[in-house]
C-alpha cells in the first residue's frame, strides 16, 4: 500500500483530522522538519539557471526541479524513483515535494522571536518580569543585564550601561558578578524559570495581594505560566537558535523575458539573514573585538525580525523600489493575506459573466443562457456525450467538432443542458438570495435573460448590470442546487418571512390599473350594476365595448369551502378584478375578496403571502408567473404616462407660505422682546417650516388623488400610490415645496426652499440645495464600505451559531409585548410571536383556557387569535435563553423564515442572521440621496394625542396647579394610559416632567384629542410650593453671568460652570424657597425646598421674587436638532452591536432609594441613593456640566436614570439583567431599521446578541483554577462547575459580560476563525503561547482547512462520519481485544 502511495506522490499523513493545535516550535522540532541546512545566500546560477548547492533553492535539500529527474541528469524516468544521485545528491522523486520540504538556518547567536517580543502584551517581557523598554535595551545590545549578582550589592536583572559595567567590574572584579547582553542573556533567564515552582509562588502571592494593580499584574503572569505548563512548551523556545526556511515553491523565483527575474520578497529577507549569520560566524572565529561582534549580533536580530514581521520594530526594510518588503506576517495579514485572499475567497472555474436583460416569457425557474456561453461552460459534458454516442472517436476529435460548431453539437448541448441547473450570482452578494439556481434555456444573442420577479432578491435592474453563471458539476452539487437554491424554492425572504418574489414597477402598475374602479360608478347602488354569470360573458361585453375594465358590475363567483364543496355567490366587483380573480388557486382560505380591492404593491404581496401559506409552493409559483404576465400585458395596454400638468401644485400653497412667514416674524419679535432665546427661536422656526411643508404636501396629495367623474386618474398618483415608482417625498419636491435643507455640517438652514421643481428654483435656492445633493452622493460612497464592514463583523461573530439539537429542554424564555411608540403600535404582538415557540401555555384572559400549549410553534392563525383575545404579553422561547452547549436548538429558534416550517437541524442560523441585518444596511446607505438631501425632520414632539377613543388613567400622578390654574406634571415617570370600553389598555404615553395636563383621571376622550402638551426645547425646573425665592451660591461673575444678546440687547441670567478657586470654597448654585418668616419650606416628601441648578440654566425668577406653585424657576435649553436619516442609522447600529459607551450617556440607579446630594468633588457632583429599608448607600459621581434629572429627596427605582442621555448597554445588563438588555438592544436596532421601513425579524438580532453574551467574568473562583476578573467562555464555565460539583468542591461564580461584535469575534474559541478576521499576528501569538486547540466546530475554520462545513448537508456528513468511526471502534474492540489501544485510534 505504501509503495502505491509513493507512486501517487502522496504523503502518508492522516487524511482526516478532527482538530488542529498550534504551539511554539522547539529548536529540535524545527530541525526535524528540515531536510538540510541552508548555508549560502545564493539562489540560482545566472548562467545555467540551476539552483546553487546549499543555497536558498538547493535541489539536494528541497528536491528535484523536474519530475523524476536528478539535477545532473544521470537518473531520469520513474524507474529510478527514490534513488539519491551520488553525483549531485538529489533524490529522484516528484518535483512537487519542493512545495512541502522545509530547510533551516543554524544561527550563530540566538535571536528573540519578534511576535513574542512586540505583540502586546509582550510574552517574553511578562515571563522575565521586565518592562518591554528595558527588555529591548538588552536584546538590541544597548544595556547589560545582571544575571547573578553573587555576593555583590547589585540587584538581579538590574540594567547596566557599558560604562557602569566597567566601573562595577573594576569595583567587584571580573568574576564578582555575572552579566550578559542580547538574546543569549534573556534565553538563560527564561531557561532558568521553574514553571511549576513559579505557579505555586504566584498562587500564594495572589491570595495575599491587596492592591488591584498588583493583582492584575500577578494574574497576567500566572495565566501565561499556566499556559506554558498546560501546553508543554518551554519559555526559552520564544528565543530562537534555528530559523525554519519555507519550501522554495512558496517563495518562487520566476524568469521574466529579457533575462530578468521576479522574486518573492521572502528570498531577499532570507538572504539578508544568511549573509549576516555567516558574517557573524566568521567574526566569532576570527575573535573580532567585542563591539564588532555585538553590532553584528544586533543586525542579525534585526534581519530575523524583518523576516518574521517587517516594520513591527523600527523602520521597515525596503527593496530596490523603496517599497517595504512583504514578510511572513504580511503573507497572512489583511485582505490580500493568505487567509482572506486564498483560503476564504477562492476563485471558481466553470463560470462566465454577461450583461442581463429582462426575460418576461421565462418561467420562474428558468433563465436564458446565450448559446455561446453554454457551449463553453458545458464543454466537458459535450465531449463525453459526443464520444458516448460514437459521433467522435477521441476527445481531440470532439474538441474539433465543438470548435467548428457542427449542428449535432447543438443537439447534444440541448440534451446536456436539460434539467442541469446553473447558478446565477450578482455582485455584491449581500445575502444568500444573491446566488440562485435556474434551469438554462438556450437563447440567441449574448446577454443572459433574467426573470423579472427575482430582481428584488438580486437587487438587479437592467441598466447594464452584469451577472456571473456557475455550473455545479457533481451530481451532489446539482442536487443541492435544485433542492435548496432553485429560485422557486426561495419565495420568502429569510430576513422577515415575507415573500420576496413580488411584482414591482410595471407589473404593479398594471395590476393597480386593472383593479381600479371608475369614479362615475362609485355612487351607483350595487343592486343596479349589471349582473354577469361567467367570465366568458364579461370578456364578450368587454370586447364589444359594452363594458370598460373599471366599470362596476355584479358577478357570480365560485367559493370553495373547507370541506371541499363549492357554492356561488354574487359580489359587486369590476371586470378587471374578475380577471385577476381568475388566476387565484381554488382554496377556501384564498377567497375572491383578497383581490376584490384596489391592489397596491403591499396588497399584492399579501395576496402572494396568503397563496403561499395556504396553497403551498407549487401553486404560488404558478400564480406569480401568471400574475406577472397579466400585469405586463395590462400595463402595456393601459399606456400610462404623465406630463407636466399631472403634477398639480395645490392652490392653498401660497396661503400656507404666507401664514408660516407671519409665524416666523412673530418668533423674531418674541426673540427681540427677550421672551425666547436664540436657540429656541431657531428651533421654533424650523418647526414651523416643517409643519408648513407637511401641510403643503398633504394639500398636494389631496389635489392629485382627487378623482373627478369622467376624468382619468392622475398618472403620477397612480404610480406613487400603487408603489410602482416614486414616493410621497419625491412628489412633494416636484409639486409641493422642496422644504428645509441641511448644511454640510448637518445643521438645518432655516430659510427653506419654497419653490418646487415644476416652478423651478431661484439661484439662491439652487445653491442651497447643492449641499444636500452632494452630501447624498458622498454618503453613498462612504457608507457602502461601512455597511460591508458591519456585515463582515456580524458574519464573523455569528458564523458558528448552528442549529444542533431539536430541543434543549429549557424552561426560560423572553416575554414579548407589542412595541409602542408615542401611543402608536409600531410592531404588534402577533408579528412578534409569529413563528416562535411558546415557553409556557398561552391562556385566554377571559376564561383561562389554553390557546397554545407550551413548546408548541405559534402559527399565523394562533398569533392572530392571541391578539384578538387581547392577551397582553406572551412568554416565548428565544435563542438568548437557549441552553444548548454549542449552537442553538430548533425549539428556541422557532420557524425557519425562508421556508415557513420549523427550522431544520444543521441550519446555519448565525450567517442568515448576519446577512439579514447587514443586507439592508448596504441598501439603505445607497438610498439616502434619492430625497436629494432634503432635511427630513418631523416637528419635535411637543404634545400627545389620543390614538384611540377611551377613558384616561394617569399613572404616577403628581400634579400641582400653576398661577394660571393649569395642572403641571411634577412626576418624572408619569404615564397616561387609554383604556377601551372593556377596560383593556389600548395605548400608553410617557408624559415628561413639566408638561401641562389637558385631561383628568377617568375622562372620556376621542381619537386625536390632545392629552398633554409641553415645550420640547427646554427642560423646566418647577416649584411645588408657593414662597419667596432666594439665590444661594449664585454669585455675580462667578457662578452667574448676565448674557447680553447682541441682536435684542436684552440680558438673561445664566448659570455658568465656574473654575474652582484655590481656597476650594465649594459653590453649589441653587434656589431656595422660604416662607414669609424666612424659614426654608419643606416639600411633600419632607425634604427642604432646594433646587440645584446645572450650568447653562437660564433663570426665570429674580432674587426675592414671590412664586406660585407650578411656576417655572429656571429653564435648561436642549440643543438644536440634526437631520435624521440612515446615515445616523448605520453608525448607530454599529455602535449598538459594538456595545460602545455612547458619549454623554445616562447614569442609572443600581438600587431603589432616595436621592441625596453629597459633598462635591473638584469637577464632579456626588449623588447618593440611599435605600430606606436596608440603609445601604450607592454613590455616583456626575460631571458638573451634566443636567441631573432628579432633585434631592426624589425616590428612584432600580434602572431609573439619574442623568439623562442614551443608556449604556453594559449598565442595563448589570442592573436589570439579560432580558432587559435584549429588549433594549432589539428595540434600539429595530428603531433604526423601522425608520427606513425595513422589516427584520427579532430573532436575527437575538442570535447576534447571544454571541455577544458568550463570556462570563469570574467574580468568585471557588475551588476552580479561575482567577477573579478572568473572562471565561460560558460553555467552559458550565462544564468546569459541573466537574467541581461532582467532586464535591465549590463551583465558581460569575456574571455575564456584554462584548462588542469585534471583540467577541476575536475571543471566539476557534483561533483559526479569529486569525482570519482581524489582528492575525496577535491572535496567532496568543494561541501559540497557550497551545490552543481548534475543534473545528464553526463554518469559517472548516472552510479554511478545506472541509465540508458542519451545516446543512455537511452537518449530516459529519454526523454520519462520527457515527461510523464510533461503530468501527467498537467493532475493532470486540474483534481484537488483545490489541494495544493505539491501533484503535488509527482505525479512524
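Quick reminder: no glycine exception, Cβ is built from N, Cα and C everywhere.
Together with 808, 889, 892, Swiss-Prot lists one candidate of 801, 882 for binding Zn(2+) 2, that being 882. Rounded to a whole number, the C-alpha distance linking residue 85 (Zn(2+) 1 binding site) with residue 463 (Mg(2+) binding site) is 65 angstrom.
The sparsest Cβ neighbourhood within 10 Å, among the listed binding-site residues (461, 463, 465), is found at 463.
Across the structure, residue 70 (Zn(2+) 1 binding site) and residue 463 (Mg(2+) binding site) are spaced 59 Å apart at their Cα atoms.
Of the listed binding-site residues 85, 88, the Cβ environment within 10 Å is emptiest of other Cβ atoms at 88. Taking CA atoms as the reference points, residue 882 (Zn(2+) 2 binding site) and residue 463 (Mg(2+) binding site) are 47 Å apart. Spacing of residue 461 (Mg(2+) binding site) relative to residue 808 (Zn(2+) 2 binding site) is 45 Å (Cα to Cα, whole number). When the binding-site residues 70, 808, 882, 889, 892 are compared by the number of other C-beta atoms lying within 10 angstroms of their own C-beta, 808 comes out lowest.
Taking the C-alpha positions, the distance from residue 72 (Zn(2+) 1 binding site) to residue 889 (Zn(2+) 2 binding site) comes to 64 Å. For the recorded Zn(2+) 2 site, residues 808, 882, 889, 892 set the reference point as the centre of their Cβ atoms, and the other residues of that chain within 8 Å of it by Cβ are 805, 807, 810, 877, 879, 881, 883, 884, 888, 890, 891, 893.
Excluding 461, 463, 465 themselves, the residues of that chain whose CB lies within 8 A of the CB mean position for the Mg(2+) site are, in sequence, 356, 460, 462, 464. Within the set of binding-site residues 88, 463, 465, the entry lying nearest in space to residue 892 (Zn(2+) 2 binding site) is 465 (CA atoms).
Within 10 Å of the C-beta of residue 72 (Zn(2+) 1 binding site) we count 14 further C-beta atoms, all protein chains included.
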